[in-house]
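Annotated features in Swiss-Prot:
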type     : residues : note
TOPO_DOM : 1-86     : topological domain 'Cytoplasmic'
TRANSMEM : 87-107   : transmembrane segment
TOPO_DOM : 108-122  : topological domain 'Extracellular'
TRANSMEM : 123-143  : transmembrane segment
TOPO_DOM : 144-177  : topological domain 'Cytoplasmic'
TRANSMEM : 178-198  : transmembrane segment
TOPO_DOM : 199-211  : topological domain 'Extracellular'
TRANSMEM : 212-232  : transmembrane segment
TOPO_DOM : 233-252  : topological domain 'Cytoplasmic'
TRANSMEM : 253-273  : transmembrane segment
TOPO_DOM : 274-377  : topological domain 'Extracellular'
TRANSMEM : 378-398  : transmembrane segment
TOPO_DOM : 399-726  : topological domain 'Cytoplasmic'
BINDING  : 481-605  : nucleoside 3',5'-cyclic phosphate binding site
REGION   : 597-612  : region 'Calmodulin-binding'
DOMAIN   : 617-646  : domain 'IQ'
REGION   : 707-726  : region 'Disordered'
Amino acid sequence: MEFKRDNTVRFYGDEKQTIEVGEKRVPLFKSTTAPFMKQEVLPKKSKTRLKIPRFGRFKVFPENFEIERDKILDPGGDAVLQWNRVFLFWCLVALYVDPLFFFLSSVKRIGRSSCMTTDLKLGIVITFFRTLADLFYVLHIVIKFRTAYVSRTSRVFGRGELVKDPKLIARRYLRSDFIVDLIACLPLPQIVSWFILPSIRSSHSDHTTNALVLIVLVQYIPRLYLIFPLSAEIIKATGVVTTTAWAGAAYNLLQYMLASHILGSAWYLLSIERQATCWKAECHKESVPLQCVTDFFDCGTLHRDDRNNWQNTTVVFSNCDPSNNIQFTFGIFADALTKNVVSSPFLEKYLYCLWFGLQNLSSYGQNLSTSTSVLETMFAILVAIFGLVLFALLIGNMQTYLQSITVRLEEWRLKRRDTEEWMGHRLLPQNLRERVRRFVQYKWLATRGVDEETILHSLPADLRRDIQRHLCLDLVRRVPLFAQMDDQLLDAICERLASSLSTQGNYIVREGDPVTEMLFIIRGKLESSTTNGGRTGFFNSITLRPGDFCGEELLAWALLPKSTVNLPSSTRTVRALEEVEAFALQAGDLKFVANQFRRLHSKKLQHTFRYYSHQWRTWAACFVQVAWRRYKRKKLAKSLSLAESFSSYDEEEAVAVAATEEMSHEGEAQSGAKARHHTSNVKPHFAATILASRFAKNTRRTAHKLKDVEIPMLPKPDEPDFSVDD
């Protein structure tokens, strides 16, 4: 039977796995029938115990082991990345501090004599910073013992599997980088400067032991080596050491200055060594009148009488003065002695040495005039080689970082030049060229040459959705139509919004053209006009501002249960009055969002759409105007009818009077003169009656015509269907 250990099984310690037979307790594994379960026979004095197989002897429970695994750091995590940056900084600090130990020794000039001394105050300051840097090296070792690594056998696919076993991590680290890190963290300069050198000087009084500091700086090699794998780890995790191009250029310049700092410090120490060598050579030549002792070169012997007597008669210091005509050649170290660099305060001599290193690295050591000394010649050769290599690296890296700053600007310049050449080749008119130039310039100012769509599409869907929500949600909420929607619908909208840029005078859509997108204004102004008012000469124009939208015909089309393939025609002409930034929803995306709108069981969104739709506003204004005109027509018709009724009454009364007068005229026909006089008076009254009758008929005819004529009305916009399909 094959036994498989499950991660959920809790293994107990030996004190719980063993049972005493004398007490007749039930064995823990009594029900186990595996053949490897054996009973061990113990001596009589001891009680019989049940032997537990080796696989069950775990002192740590699985859940405790998971806790230990949680303490292991991920090499690609933020914590390790931040620590690598901090440790890189302190590595650079340590590399700058170590050469400062060379400046502890100096030459003190007292009249005609000189001596060598040590700057204790400077030594304390340098030791403090060096010790502080050493603590970070020790902490780095501790962190590397707790940092997981990727198994080489699991790199077939993806990142690979992290090994989080502390024992395996420690074993791998001890076999690889532990020795280098251990050597780098040892406080060797402090030990040599404060313990070894003072004891040697007190016993032998030989200041040439400063060369021991050069031997100690062998530790500088592993410290310098640690910079490169550390930078490689940061580049592997983030792609670059620094986040900005200027910081990267400064980082490379800092490395070049570090090399100049090391060169200047070594030149200073070798100058001190060269001065001491000359003193010893001249000291060995003197025998009378007083014996020269190398102890006299130490400033600690200034109080001794024999030293004072010796300095009054010796020629050692005059024979080692480079300004005199002497046989000893100082070579490239003569400037440090003639200009009293070795006797100057710390700041002055440090800056001069830094300038010496920077000058000779940049000129590849061409200004160095060496002597025949082997050490001096080798030093000059190293200066020339390192100067050539480091200067080439500096120029290359600086050029790379600085070009990365202007690469997009250069691409934009090339694109603009190609655009100008194309417009000239195609003989475009000047107005079109100006529009193209304005658009290219405005797009550069808005995006700085960054293709946002490509960046977003390269990200995972969930991350892309969160970014779009962060960028667009607050702006989308400014649109009153979207302010009525829930977060889920807004997420769907933000995910499909695309930025749109329009320059002044650009036509977004023309009246009668198919509507391909719905535009939501974020910045700028648009002019929306239409001539479709149902009658000749109709014109309506409005200004769209931030928060408004256009292309609502597309929303009505998308909300149809069975929308056609043909896109709706625009009822308005939309033109940019200034530079406009907006979000656009394409027809397909709007169709998807519109299907989500059907979940809204409220008329509130429909009323909001009507209120903020400029097409509906125009229709409502025309509707009010038509209603007002209809009211005016009715009022006019009523007044005309009233006037007609009065005119008809006057006409009937005039006809009756005329008939009465005519009858009286026939009854009195016997009197000829009187009858003729009466007939002449009746004819004018009868003519007036006929004219009044005709006027009344014309008035009635005009009223009927006005009543029959209807003023054309603007057609009502399509009603968006916000209901839910059953």
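All residue numbers here begin at 1 and follow the chain in the order shown.
Using N, Cα and C of the backbone, Cβ positions are placed for all residues, glycine too.
Sequence features, as recorded in Swiss-Prot, placed on the structure.
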residue: Leu497; record: nucleoside 3',5'-cyclic phosphate binding site; CB count, 10 Å: 20
residue: Asp513; record: nucleoside 3',5'-cyclic phosphate binding site; CB count, 10 Å: 13
residue: Ser529; record: nucleoside 3',5'-cyclic phosphate binding site; CB count, 10 Å: 14
residue: Arg545; record: nucleoside 3',5'-cyclic phosphate binding site; CB count, 10 Å: 12
residue: Leu577; record: nucleoside 3',5'-cyclic phosphate binding site; CB count, 10 Å: 15
residue: Val593; record: nucleoside 3',5'-cyclic phosphate binding site; CB count, 10 Å: 21
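The residues of the topological domain 'Extracellular' (274-377), classed with DSSP into helix (H, G, I), strand (E, B) and coil, number 64 helix, 1 strand, 39 coil. Look at Ser529 (nucleoside 3',5'-cyclic phosphate binding site): DSSP puts it in a strand. Contact between the transmembrane segment (253-273) and the transmembrane segment (87-107) holds: at least three of their C-beta pairs are under 8 Å, each pair 6 or more apart in sequence. Long-range contacts of the topological domain 'Cytoplasmic' (144-177) within the same chain, counting only residues at least 6 positions beyond its ends with a Cβ under 8 Å from a Cβ of the stretch, are 68-69, 71-76, 80, 229.
Stretch with the largest number of CB pairs closer than 8 A to the transmembrane segment (87-107), among 178-198, 212-232, 378-398: 212-232. If you take every residue in the topological domain 'Cytoplasmic' (399-726) and average the pLDDT, you get 73.
The list of residues near the topological domain 'Cytoplasmic' (233-252) in space but at least 6 beyond its ends in sequence, with Cβ under 8 angstroms from a Cβ of it, reads 75-76, 80-81, 84-85, 88, 393-394, 397-398, 401-402, 404-405. Within its own chain, the topological domain 'Extracellular' (108-122) is flanked in space by residues 100, 207, 272, 276, 296-299, 301-302, 311, 314, 317-318, 340, 343, 346, which lie at least six positions past its ends and keep a Cβ under 8 Å from the stretch. Asp513 (nucleoside 3',5'-cyclic phosphate binding site) falls within neither a helix nor a strand when secondary structure is assigned with DSSP, and so counts as coil.
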